[in-house]
Amino acid sequence: MLLALFQWIAEDIRAFNVFSYITLRTMLAALTALSISFLIGPAMIRSLTTRKVGQSVRSDGPQSHLTKAGTPTMGGALILMAVIITTLLWADLSNRYIWLVLLTTLGFGAIGWVDDYRKVVQHNSKGLPASAKFFWQSIIALLVAVYLAMTAELPQHTDMIVPFFKEVAIPLGSFLFIILTYLVIVGSSNAVNLTDGLDGLAIMPTVMISGALAIFAYVAGHAIFAKYLGIPHIPSAGELAVFCGALAGAGLAFLWFNANPAEVFMGDVGALALGAALGVITVIVRQEIVLVIMGGVFVMEALSVMIQVASFKLFGRRVFRMAPLHHHYELKGWKENQVVVRFWIITIILVLIGLSTLKLR
């Protein structure tokens with residue numbers, strides 16, 4: 001909206017052309033989302049507290065978590081609100097990728113909202129049945145995958161890029177591309193959701209990965225930079241940097257309220273949506289393997305659950321003291337803040353490795 005306004009003004013006042021630069025709008029998006037979250041956050045937390053939208057705590061989990069019972073949840077709605085408003089303000093609304101990411105984020109957010117609502121408002125401990133949740137996630141992810149496959153401008157836009165190797169890509173074709181896209185979006189969404197079990201644990205890696213994806217999106221959308229760095233040029237993908245900036249800004253503000261001891265939890269409405277957003281942006285800029293690297297913490301958390309379930313069903317024994325992985329370390333004696341900060345440090349290292357793939361080829 002603001003971009004269109006400034007472009008109109010720029011016809012008479014050239015100084016306003018500065019707002020056409022994606023880099024500036026990305027920074028402004030981050031600051032705008034940060035400000036919106038700080039302004040709305042306290043009122044939203046008070047409203048959730050008044051309505052008794054509190055989180056229930058697993059009785060078989062770490063005893064230190066019992067004090068968290070009743071903490072307001074569904075705070076992810078704050079992030080989504082800030083991101084959507086900011087993106088509508090600063091992004092180019094004629095860009096198809098912006099709408100694709102917004103709609104995907106909203107779709108997965110709606111699934112999470114229904115799940116949270118049934119748990120904390122209707123007091124249904126199971127929330128949205130797993131089968132229903134998976135069904136709707138699959139529908140949205142497949143629609144996105146088919147759309148991207150059908151609108152790919154070049155065959156290379158459906159190849160899987162292998163990092164650290166110059167001009168090495170695996171041709172997938174439409175069918176395998178759709179499967180990969182589906183797995184990335186659904187997998188990323190659920191991995192972030194599984195990670196969101198400690199104060200600040202999921203949101204900070206999300207912020208860091210969003211910042212990195214903003215760089216990848218900008219480079220992929222810039223023909224000269226993409227050619228120089230040896231990555232696929234995806235026309236119009238650069239605009240996704242604005243969305244990533246908004247996500248990073250909103251996430252940082254949310255961390256202010258989510259840091260230990262948390263005043264509010266993200267809930268499924270936030271975790272599912274943010275994970276899906278990271279997944280679809282990654283697919284658009286063709287950096288699926290890099291996401292696995294940068295999101296290593298999310299990957300470890302998801303794998304720990306799968307390994308735990310498979311081991312117990314097949315052999316009747318558990319590999320970890322408790323899954324997801326962060327609870328395993330808590331039960332080993334790590335303090336909550338130790339787990340969170342150490343996982344943040346791991347993410348910083350992995351994000352730097354991911355960014356290094358731009359040059360190390």
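Glycine is no exception: its Cβ is also placed from the backbone N, Cα and C atoms.
Long-range contacts of the transmembrane segment (28-48) within the same chain, counting only residues at least 6 positions beyond its ends with a Cβ under 8 Å from a Cβ of the stretch, are 72-75, 77-79, 81-83, 85-87, 89-91, 242-243, 245-250, 252-254, 256-257, 263-264. Annotation source Swiss-Prot lists transmembrane segment at 28-48 (among others).
Taken from Swiss-Prot, the feature transmembrane segment covers 73-93 (among others), and the record attributes it to sequence analysis. Counting same-chain residues at least six beyond the ends of the transmembrane segment (73-93), those with a Cβ under 8 angstroms from any Cβ of the stretch are 1-4, 25, 28-29, 32-34, 36-37, 40-41, 44-45, 48, 53-55, 99, 102, 105-106, 109, 112-113, 116-117, 120, 239, 242-243, 246-247, 249-251, 253-254, 257-258, 264-271, 273-274.
If you look up Swiss-Prot, you'll see 97-117 (among others) marked as transmembrane segment, on the strength of sequence analysis. Same-chain residues lying 6 or more positions outside the transmembrane segment (97-117) and placing a CB less than 8 Å from one of its CB atoms are 73-74, 76-77, 80, 83-84, 87, 91, 127-128, 133, 136-137, 140, 144, 147-148, 185, 189, 193, 236-237, 239-240, 242-243, 267-277, 280-281, 284.
Taken from Swiss-Prot, the feature transmembrane segment applies to 134-154 (among others).
The transmembrane segment feature in Swiss-Prot is assigned to 168-188 (among others); the stated evidence is sequence analysis.
If one looks beyond the transmembrane segment (200-220) by at least 6 residues along the same chain, the residues whose Cβ comes under 8 Å of a Cβ in the stretch are 22-23, 26, 192, 226, 229, 231-234, 237-241, 244-245, 247-248, 251-252, 254-255, 258-260, 262, 266, 271, 274-275, 278, 281-282, 284-287, 290-291, 294-295, 297-298, 326, 339-340, 343-344, 347-348, 351, 354-355, 358. Under the heading transmembrane segment, Swiss-Prot lists 200-220 (among others), citing sequence analysis as support.
Feature annotation from Swiss-Prot assigns transmembrane segment to 237-257 (among others); the stated evidence is sequence analysis. Only residues 6 or more beyond the boundaries of the transmembrane segment (237-257), in the same chain, are considered here, and those with a CB under 8 A from a CB of the stretch are 22-23, 25-38, 41, 45, 75-76, 78-79, 82-83, 86-87, 90-92, 95, 97-98, 101-102, 200, 203-204, 206-207, 210-211, 213-215, 217-218, 220-222, 263-264, 266, 270, 274, 277, 281, 284-285.
For the transmembrane segment (264-284), same-chain residues at least 6 beyond its ends with a Cβ under 8 Å from one of its own Cβ atoms are 41, 44-45, 48, 55, 71-80, 97, 100-101, 104-109, 111-113, 115-116, 127, 137, 140-141, 144-145, 148, 180-181, 184-193, 195-196, 202-203, 206, 209-210, 213, 217, 234, 237, 240, 243-244, 247, 251, 254, 257-258, 290-291, 295, 298. Annotated transmembrane segment per Swiss-Prot: 264-284 (among others), in sequence order, evidence recorded as sequence analysis.
Sequence annotations record features per position, and here Swiss-Prot assigns transmembrane segment to 289-309 (among others) based on sequence analysis.
Non-local neighbours of the transmembrane segment (338-358) in the same chain are 163-164, 198-201, 204-205, 208-209, 211-212, 215-216, 219, 229, 231, 260, 287, 290-291, 293-297, 326, 329-330; each lies 6+ residues outside the stretch with a CB under 8 Å from one of its CB atoms. Annotation source Swiss-Prot lists transmembrane segment at 338-358 (among others).
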